[in-house]
Amino acid sequence: MSELYQHRARKRFGQNFLHDAGVIHRILRAIHAREGQRLLEIGPGQGALTEGLLGSGARLDVIELDQDLIPLLKLKFGLESRFSLHQGDALKFDFASLVESGEKLRVVGNLPYNISTPLIFHLLEHAPVIEDMHFMLQKEVVERLAATPGGGDWGRLSIMVQYHCRVEHLFNVGPGAFNPPPKVDSAIVRLTPFAEPPHPARDPKLLERVVREAFNQRRKTLRNTLKPLLSVEDIEAAEVDPTLRPEQLDLAAFVRLANQLAELPGNR
């Protein structure tokens, strides 16, 4: 058993194992899992959060990519009837397969920083079956998720996540809470998918396209960055000033631009 616990964090998996008991308890309090709920933990590592999540009485599925950690997790939790272990890549996982009709999934993870953004976008595709998500992320990423218009952090990640979810930056975590310590600060974020988006786009894919095009050259004005998609007249028809830069627009303005694009021939 001691050999199993000597697993070294792997750089290629972006592993930094959480060990600070105070931080672990604070995360568990924020999640507040309850009996009968369906939980999914992405990247359980050595099980720092897993034990507390199971202690809530919830049913817990975990996804772990590192096959060398599987024996440790089976040894610690394999006899628990409410525990299911999946060895694989969360970026390719069908999260909807874990829930029955009408059920909602609560997602938890100390996400590897090198895949956090693509994984969040993958999870947003399954937003209808997700109740909420609690993630440990690089602090800089959480600040981008929770950003407001007008600042340098406001961009594609902020807009697309805030289109789908309410974002709450809960608290920060220093490097000393991990082994090995990362070179950056971390933070806990809560993402709660909306039942209905506050600013519904006719086609969310077109919204993503508009946002991506706008921020490809974020220092230029909209009349220039959106030229491949929308004319100046189209931008003005969406009640947006074409002389503004993309970081000056709020989510509602981007949705109006996407809905204007949806009206053009070829997008209806």
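Just so it is clear, glycine is given a Cβ too, placed from its N, Cα and C backbone atoms.
Quick look at what Swiss-Prot annotates:
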type	residues	note
BINDING	N16, L18, G43, E64, D89, N110	S-adenosyl-L-methionine binding site
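On the structure: features taken from Swiss-Prot.
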residue	record	CB count, 10 Å
N16	S-adenosyl-L-methionine binding site	23
L18	S-adenosyl-L-methionine binding site	19
G43	S-adenosyl-L-methionine binding site	24
E64	S-adenosyl-L-methionine binding site	23
D89	S-adenosyl-L-methionine binding site	12
N110	S-adenosyl-L-methionine binding site	25
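Secondary structure at L18 (S-adenosyl-L-methionine binding site), as computed by DSSP, is strand. Take N16, L18, G43, E64, D89, N110, the residues named in the record as contacts for S-adenosyl-L-methionine: the widest Cα to Cα gap among them comes to 20 Å. DSSP assigns G43 (S-adenosyl-L-methionine binding site) to coil, not to a helix or a strand.
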